[in-house]
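What follows is a set of notes on a single structure, which appears directly below.
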Amino acid sequence: MGKGHAEDGHLPERAKPPDGGWGWIILFGCFVITGFSYAFPKAVSIYFKELMHDFHVGYSDTAWISSIMLAMLYGTGPVSSILVNQFGCRPVMLVGGLLASSGMILASFTTNIIELYLTAGVLTGLGMALNFQPSLIMLGSYFDKRRPLANGLAAAGSPVFLSALSPLGQVLLEKFGWRGGFLIMGGLLLNCCTCGAVMRPLELNRKKKGEEAQDKYEAKEMLPMGGRAEEAVSTTDSAKKSNKAKKKKKKGKKLLDFSIFKNRGFVIYAIAKFIMVLGLFVPTILLVNYAKDSGVPDKEAAFLLSIIGFIDIFARPSCGILAGLKRVRPHVTYLFSFAMLFNGLTDIFSARATDYTALVIFCIFFGISYGMVGALQFEVLMAIIGSQKFSSAIGLVLLIEAFAVLIGPPSAGRLVDALKKYEVIFYLAGSEVVLSSLFLAVASYCCLSRKEKKNSQPENPPAGGGGSETEEAESDVPEAEDHPGDNHHLSRNINNAGGDAANHIAENRNVDGAGRLEGEGVALVPGGCDADQTVERDSF
């Protein structure tokens, strides 16, 4: 994903995803990054009670910490896309790991809630954003056929880390206080740098370089007159490098691809995700405080998040396997819609849960539905957009979701402060998620399915994402036609060189008077046409 391969003057070809090999290491790194990115804002809620006591603030004030963290994770998506397109995934992730760790370390020394917003919220959130998005881009570049399974396994990092960080946070809170807990959490986030270090870019296809060397050899064999042939080949090389440098400069200007908004499927997906995020994270952020206010002991209240995480561990890979089936993958959008509907109905039906047993049952069903949503959300986006434009698409989607994150949890916390009732929050959050699922299913059927039936050749790639590679290959064709004048100039130079070589052979024939050199000249220059074709083929 870096830019090093473009510096040698050759047009890079997109490498074929290996669907394995080093991709499993990439998958593990993405697993860890996803775990920290999604579980950390929820695990921080363990410390909210102590923060409310020390800083004399309410639910809504402490809820802003998780909201700002998630908003930075989502809202800085375009910034992360630009940095990845400019510098590559690995250096961006290394810097992100340092920022995430330093944010939590500085948060342990804060003296008011505003400083917590700036350190734990802004700085740590920005660091996790610079890790999360590049890891997904790398995962998409290493997997194609096994991509649904890879997305499901990587998404399982969120529940695994949630089930581990929640009890760990409670233990750290009891032994070291919230300041010591933040300091140790900051040290744990340094593991993001390790994950960034293993994000090795795929080796680009270097076939064209070998073809160029072969064509140079053929040109010299066709035109063996020394200086003239060398001059023709050098002229060819300089013209091609100038042409490719112009293309590279032209490509470098496009850091974000806004043409994805012309894709109806992407617009529908972005709107549905905005509505869903308004209520998706609210139950998990307020669950621990809700259980504590209902009389549940602190350790058992923190264990509720572990239950969600444990169920989620198995739900995400299972859903990834299901989405990879041949009959299911073309309809993965509707499976995603069903997962959102399941999640919203779980919130609504569990709104009146008050005792610990009812809360455990809620956590089981919420873990299943939440795991399905987490496993499918980026698989659907990859299927709609394709891997070539995925870096821009995910950045813009996360920016749209950031506004929903800033509205959802803080508004829920303010309603809790005003009404002192949690059931209203569950009803509201569930209704928003249900609405998003219905919108996605109906809009996809009305705007996309009917259009595909009318057109014998659909414009958008199938939901399984199988057409994305074809689009990438076709997108390179117009670039070769950007400067047809340069190609004409190359062929004219070789024609001139061929003519000079023929004249030189004729002079030698007149001097010697023998037919031997004349025969060799005919064999060496069979008409000049083949030389033109050789160099012109390489110019493309």
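Any Cβ shown, glycine's included, is placed from N, Cα and C.
For reference, TrEMBL has these:
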- 21-40: transmembrane segment (TRANSMEM)
- 23-448: domain 'Major facilitator superfamily (MFS) profile' (DOMAIN)
- 63-84: transmembrane segment (TRANSMEM)
- 91-110: transmembrane segment (TRANSMEM)
- 116-137: transmembrane segment (TRANSMEM)
- 149-168: transmembrane segment (TRANSMEM)
- 180-199: transmembrane segment (TRANSMEM)
- 226-246: region 'Disordered' (REGION)
- 266-291: transmembrane segment (TRANSMEM)
- 303-325: transmembrane segment (TRANSMEM)
- 332-350: transmembrane segment (TRANSMEM)
- 356-378: transmembrane segment (TRANSMEM)
- 390-412: transmembrane segment (TRANSMEM)
- 424-448: transmembrane segment (TRANSMEM)
- 453-513: region 'Disordered' (REGION)
- 469-479: compositional bias 'Acidic residues' (COMPBIAS)
- 480-489: compositional bias 'Basic and acidic residues' (COMPBIAS)
- 521-540: region 'Disordered' (REGION)
Residues from the same chain, set at least six apart from the ends of the transmembrane segment (63-84), whose C-beta lies under 8 A from its own: 1, 37, 40-42, 44-45, 48, 51, 92, 113, 116-117, 120-122, 124-126, 128-130, 132-134, 137, 255-256, 277, 281, 285-286, 391-392, 394-403, 405-406, 408-410, 412-413
Interface-richest range of 116-137, 149-168, 266-291, 332-350, 424-448 toward the transmembrane segment (21-40), CB pairs under 8 Å: 149-168
Proximity of the transmembrane segment (303-325) to the transmembrane segment (91-110), 3+ C-beta pairs under 8 angstroms: no
Overall pLDDT for the domain 'Major facilitator superfamily (MFS) profile' (23-448), taken as the rounded mean: 82
Touch test for the transmembrane segment (390-412) and the transmembrane segment (266-291), at least 3 Cβ pairs under 8 Å: yes
